[in-house]
Amino acid sequence: MIAEVSMTAAQFCILPLALFIKLSVSLSAVFSVFNLTFTSLPVHLTVSPAAERLRYILGDDEETMPTPTLFTEMDTLQQEGDELEWKESARWVKFEEKVEEGGERWSKPHVSTLSLHSLFELRTCLQTGTVLLDLEGYSLPQIVDDIIERQIEEGLIGPELRDKISFVLLRKHRHQTKKPIHRSLADLGKSGSGVSECSIFISIHLYTHCLAQSRSMNDIADTPSTDQLKNKFMKKIPRDAEASNVLVGEVDFLEKPFVAFVRLSQATTLGGLTEVPVPTRFLFVLLGPLGKAKSYNEIGRAIATLMVDDLFSDVAYKARDREDLIAGIDEFLDEVIVLPPGEWDPKIRIEPPKKIPSADQRKSVFNLNELGQMNGTAGGGGPLGEELAYTGRFCGGLFLDIKRKLPWYPSDFYEGFHIQSISAVLFIYLGCITNAITFGGLLGDATDNYQVHLANFMSTFLGTALAGTVFCLFSGQPLIILSSTGPILIFEKLLYEFSKNNGIDYMELRLWIGIHSCVQCLFLVAMDASYIIKYMTRFTEEGFSSLISFIFISDAIKKMVGSFKYYPINTDFKPDYVTAYKCECLAPDTSKSILGIEHVTFEMLNITALDWTQLSKKECVKYGGSLVGKSCKYVPDLALMSFILFFGTYTMTVTLKKFKFSRYFPTKLRKLISDFSIFMSILTFVGLDMLIGLQTPKLIVPTEFKPTRADRGWFVMPFGKNPWWVYLASFVPALLVTILIFMDQQISAVIVNRKENKLKKGCGYHLDLIWVGFLMAACSFMGLPWYVAATVISIAHIDSLKMESESSAPGEQPQFLGVREQRLTGILVFVLTGVSIFLAPILQFIPMPVLYGVFLYMGVASLSGIQFWDRIKLIMMPAKHQPDFSYLRHVPLRRVHLFTLLQIVCLAVLWILKSTFLAIIFPVMILGLMVIRKMLDMVFSQHDLAWLDDILPEKEKKKKEDEKKNTKKEKKKGKGGNDSEDVSVLVA
C-alpha cells in the first residue's frame, strides 16, 4: 500500500515535467519551421506564474531590511541499541559540509549536488505536509506539540501517535564537535556491544557515570552546552545569522511520511538543537516508514540547500502561505542545471567557485538575456555624481569638496589605528624613499645637481616629506601619494637644457614657471575644470597608468643592468692559473711627476719614503702610483650578488603576497604574512647580504642638512638674474607643466576613486588640485623637486589597505569590503621620510638592489587588474585557453584585439615621445589620448565600447533618452492590446 502511494506521488510529480518537455519539443519544432525564435518573445509572454508570484512577494525588496544569513544543520535519526538520538550529518552556511563516514572530521566545503527527483519529492512534501508560518514558539517541546496538534487537526495522523512522535523529536542531539575524553570512551563502548553500553569497563565508578549519561540522553538539553558556546565555527557565521534545522529519519510506527515546515515569528534559541548557539528561525521535520532512509536524506539535503539559496531564503522569510514556498521551489527548478548521469560521477565533490554570482540576476524576473557587468560610463567607472558636477559658480566644485570631506575628517585619523596600517606604512615608506633616490639621482644628473646631489638626497627627502605631509593632511583624497614622477623628470631635464643653451638662470626660470603654474591650477579649480575628467575613460586611464608602470619596471631593470657595468663578472678568471695572478703598486717617476704638477704637496715630495708594496689600491692611485698585474682589475661578483638580492626580493614578495590564498596555516596568520610580505622580504635579503659580507651598493642617506650646491641657498630669489621678459614668457612652458600636472594628478585620482575600490567617503578632485598648485609654488621657492600624484605608489597604497570580511562561509572566498580610508598612513610615511636622516645608521645596511626589487614589484603589481594588460596577454593565448572574461562573451575576439592594438600603438607613441627631443609636447599628447578616444566612436560600436571601455557622457545621455522613448512606445503598444503585434515580433 505504501509503495503504491509513493509510486502514485512520484508519477504525479514527473507527469507534468514529461508533458512540459514534450510540449517544449513540439513548440521548438514548430518555431524552427517558421524561423521563429524564443528570445524575441515579449516580456509579458515569457514570465512564468512562479516568477510573477515571486515578483509580488519580493517586490518591496529595496524598502525592507535584508534577510539574515541562514546557518542550516541537518540531523538524522540514529539508533544505538535501544536508544534513539539525533546525529548531525551535514551543515550549510553557503556550501555543504558532510560528516565523513568515519565520523571524525568534516568534509571540505563543496557545492551541493541534488537529484532532480529529490526536489520534486520535496515539492510534494510541502504540498501535502503541514506548513506553519509565523508560529509563536519559545521552546522545542512547545513547537513539537503545536506541530503534532496541527497534524491531528488536519487528519494527517491519529491521536495515538502523539506521544511516539513527540518522544522521537525530543531525543538528544549529538553534534560533530570535539568531545571530552570520557565521552569518547563512552562512544567506544557503544560500538563494542549492543547488550550493555558500559559492559566493557570494569570500574564501577565509570559504569555509573556511563549509565547516568545514557539516562541523560533521553531528552534534549534546554540550554546550549559548553561545547556549543565554545565552538570555533561561530567565527565563520555572521553575527546576525539565524538557524534553519532539518530533522530527517525513519521510524517503525508510521505508515506514511510525517512532514512539517515551520517558520517562527521570532528566532529562538532552542537549547542543544543546533551545533552553534544561533537562534532557530526555521524547522523542517521529515519522519517516514522504514526502508527509505536514503530518499529522506536526499529530501533533507534538498530543503537545506534551498534554505541557504539567497533567493529562496528571501521567499521563506516573506512567504504568506504554502503556495509562496512552492513558487520558490518552482523558481529554483527553473534555474537548475541537469548533469547527464553517464557523463558525471555524482561522488565527485565540486569545489566552491572563487566568485559567487549575485542573486540580483535571478531577482530581476523580467530580464531574459544573460546579464553582465559593463564598464559603465566614463570618469572612473561611475563617479558621475556631485564630485564631477559642473556647478557654474566660482569655486563651486571646491566648496562642494570641502563640504563633502569635512564630516569625515575626524574618522580619517582614528580609523587609521589598525595593524594593517603598520604594514602599509612600511611598504609605502620603502617605496617612497626608493622612488626619491631613483628619480632624485636622475634629476640630479639632469640638472647638474642644482636640485639633488647624488651624495646628498636631502632636498628630495625634505621635499617629499613637506609636500606629502601637507597633502595628506588637507587633500580631498589622502590615499593618493605625492612623489617625483617620470613625466615631471622629463620636463625638468628639457627645461634645464633649454636654460643652459640660452644663458638663462635655471632656478629663477623654474621659480616663475612654478608660480604661473600655481596660478593656472587655481584658475582651473575656480572654473570647475575637473569636469573634463568625465571624458577620461578606461582607454585614457589605462594608457597613462601603463606608461607609469612601465617606467617603474624599466628604471628598476636599468639600474640592475647598470650594476653589471660597474661590477663586471670576471669571465677571464681561470682557477688553474691562480698562481700567476698578482697586482703590484709601482712608484711613479719622481722627477716627471713634480715637473708636471703645479701644486706640489709635502706628501708628494716625500713619496720616495713610502713602502709602495704595502699600499692599498686606493692609496696607490692617490699618490700617483701605477697598478701592474693581471689581478689588478679583479672585483668580486657583486653584479651577480646584486641580481640575487634584486630578483630574490621581487620573487619572495610576490610569493608571500599570494600566501593568504594558500592552504597552510590559519587564516589570520596567512593574512598577516601577506600584509607584511614586503617587510619580510627586505629583512630576509638584508640579512643575506650581511651574512655574505660583500660590498654591495648600499642606500645612501644624507647625514648633514645643507643645500645641494654651494652656489645656491635655501630659497630661490625671484628677481635679479634673468631679463624681465623671462618672467612673462615663462607663462608658456608653465602651461605645459599645468597640463602635465592636471593629467597626471587627475588620472591617478580617477584610478584611485574607481568604483571597484568601493570608497565610501567620496573624492575631492578640486581640493586635490588646489593643494598640488600651492605645493608646486612652495617647492619652486625652495628649489625642491615638483611633486604630483604617483600613480604606481598610490595603487600600491590602495592595495595595502584593502579590507576583507573577517567571517566567511566555509569554502567561500573572503569578500572585499573596501579600502581603509584614512590619512594616518600617508602622514606617517612622509614623516618617516623626513626623519630618515636620523635613521641613517639603520638604513645604510639596506642594499640598493633590494630596493630596486621593491621598485620592480610595485611596477608589476600596478599592472594587475588593468584590463589593457589582460587583453595584451589574450593575443598570445589560443582561444580555448583564454579566461572567461565578460567582454569576450559580448564582443568578437577580432574587435577586442583591434582595440588592444590601438592602445599598444598609443602607448608606444607616448614612450617614444618621452625618450626623444619631442618630449616637450609629451603633456599635450597625454591630453591627445582623450581626442583619440573620441575618434574611436567612429570605429567601434557603442555596444563594444561599453564592454571594452566606458561610454562617453553625451553618448550615455543619448542612450538613456532613447531607452525612455522605447519604454513609452512599449507602454502605448501594451495599452492597445493587439495580439497580432506580439506575434509579429516572433518572425526572424
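Positions of Cβ are set from backbone N, Cα and C atoms, glycine also.
Keep in mind that this is a model prediction, so the values were computed, not measured.
These come from TrEMBL:
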{"type": "DOMAIN", "residues": "69-346", "note": "domain 'Band 3 cytoplasmic'"}
{"type": "DOMAIN", "residues": "393-952", "note": "domain 'Bicarbonate transporter-like transmembrane'"}
{"type": "TRANSMEM", "residues": "422-444", "note": "transmembrane segment"}
{"type": "TRANSMEM", "residues": "465-491", "note": "transmembrane segment"}
{"type": "TRANSMEM", "residues": "511-532", "note": "transmembrane segment"}
{"type": "TRANSMEM", "residues": "638-656", "note": "transmembrane segment"}
{"type": "TRANSMEM", "residues": "676-694", "note": "transmembrane segment"}
{"type": "TRANSMEM", "residues": "724-743", "note": "transmembrane segment"}
{"type": "TRANSMEM", "residues": "764-788", "note": "transmembrane segment"}
{"type": "TRANSMEM", "residues": "824-843", "note": "transmembrane segment"}
{"type": "TRANSMEM", "residues": "850-869", "note": "transmembrane segment"}
{"type": "TRANSMEM", "residues": "901-932", "note": "transmembrane segment"}
{"type": "REGION", "residues": "957-988", "note": "region 'Disordered'"}
{"type": "COMPBIAS", "residues": "966-975", "note": "compositional bias 'Basic residues'"}
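Counting Cβ pairs under 8 Å to the transmembrane segment (724-743), the top-ranked stretch among 511-532, 638-656, 676-694 is 511-532. Ranked by number of Cβ pairs under 8 Å to the transmembrane segment (764-788), the listed stretches 465-491, 511-532, 638-656, 676-694, 901-932 are led by 465-491. Among the recorded stretches 511-532, 676-694, 850-869, 901-932, the one sharing the largest number of Cβ pairs closer than 8 Å with the transmembrane segment (465-491) is 901-932. Confidence across the domain 'Band 3 cytoplasmic' (69-346), taken as the mean pLDDT and rounded to a whole number, stands at 80. Counting residues 6+ beyond its ends, the transmembrane segment (850-869) has Cβ neighbours under 8 Å at 430-431, 433-435, 437-438, 538, 542-543, 545-546, 548-553, 555-557, 559-560, 645-650, 653-654, 657, 678, 681-682, 685-686, 689, 699, 756, 791-793, 795-796, 799, 887, 900, 903, 948 in the same chain.
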